[in-house]
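Enquirer: Starting off with a structure, shown below.
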Amino acid sequence: MSLLGAKSRLRIHAYIGILSVLLLTAKALLSVASELGFGEALPLSIGRLGAIFGVLAFLSGGGLGKFLSDQRSRTAELHMILMLAGLTLQVPSLAEELPHPLAVFASWIGLASMGIGWIYGRKIFDRTKIRFPWESGEQ
């Protein structure tokens with residue numbers, strides 16, 4: 001039994017997940033812009049912090065699926081699979097100070113997967129007033 005209600009848990013899950021994606025995106029962009037003098041330690045630390053927040057977002061989203069219909073449950077499964085795949089693809093570039101170019105490429109693919117997973121996550125609950133052009137109001 002949880003101390004927080006479903007809406008509060010969903011809000012916490014969303015905030016932690018967005019923070020994770022933003023930190024991992026900042027890590028990727030700072031790694032590309034390494035000639036600005038940030039060094040390798042700052043992007044690596046930001047990325048590792050983003051991965052920790054990603055795991056926390058995964059754990060905070062556990063159990064929210066029991067409040068969903070069948071269609072929304074399938075969308076939530078896709079959201080979870082894409083987000084976890086993206087988070088997993090971030091690991092090789094976060095493991096070393098100077099990652100291999102293949103690890104950096106996998107990191108960018110993981111970032112794209114997380115972006116698609118985030119869009120699927122927006123489709124689960126109709127709680128936002130801001131919509132992308134391809135999103136419709138009906139579920």
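Backbone N, Cα and C define each Cβ position, glycine as well.
In case it's useful when we look at the structure, here is the feature table from TrEMBL:
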- 12-33: transmembrane segment (TRANSMEM)
- 45-64: transmembrane segment (TRANSMEM)
- 76-95: transmembrane segment (TRANSMEM)
- 101-121: transmembrane segment (TRANSMEM)
Enquirer: So if I exclude everything within five residues of the ends of the transmembrane segment (101-121), which remaining residues of that chain have a CB under 8 angstroms from its CBs? That is, six or more out.
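Expert: Result: 14, 17-18, 21, 24-25, 28, 31, 75-76, 78-83, 85-90, 92-93, 95, 132.
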Enquirer: Same chain only, please: residues at least 6 beyond the ends of the transmembrane segment (76-95) with a C-beta under 8 Å from a C-beta of the stretch. Say none if there are none.
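Expert: For the transmembrane segment (76-95), the far contacts come to 17, 20, 24, 27, 31, 44, 47-48, 50-51, 54-55, 57-58, 61, 64-65, 68, 102-104, 106-107, 109-118, 120-121, 123-124.
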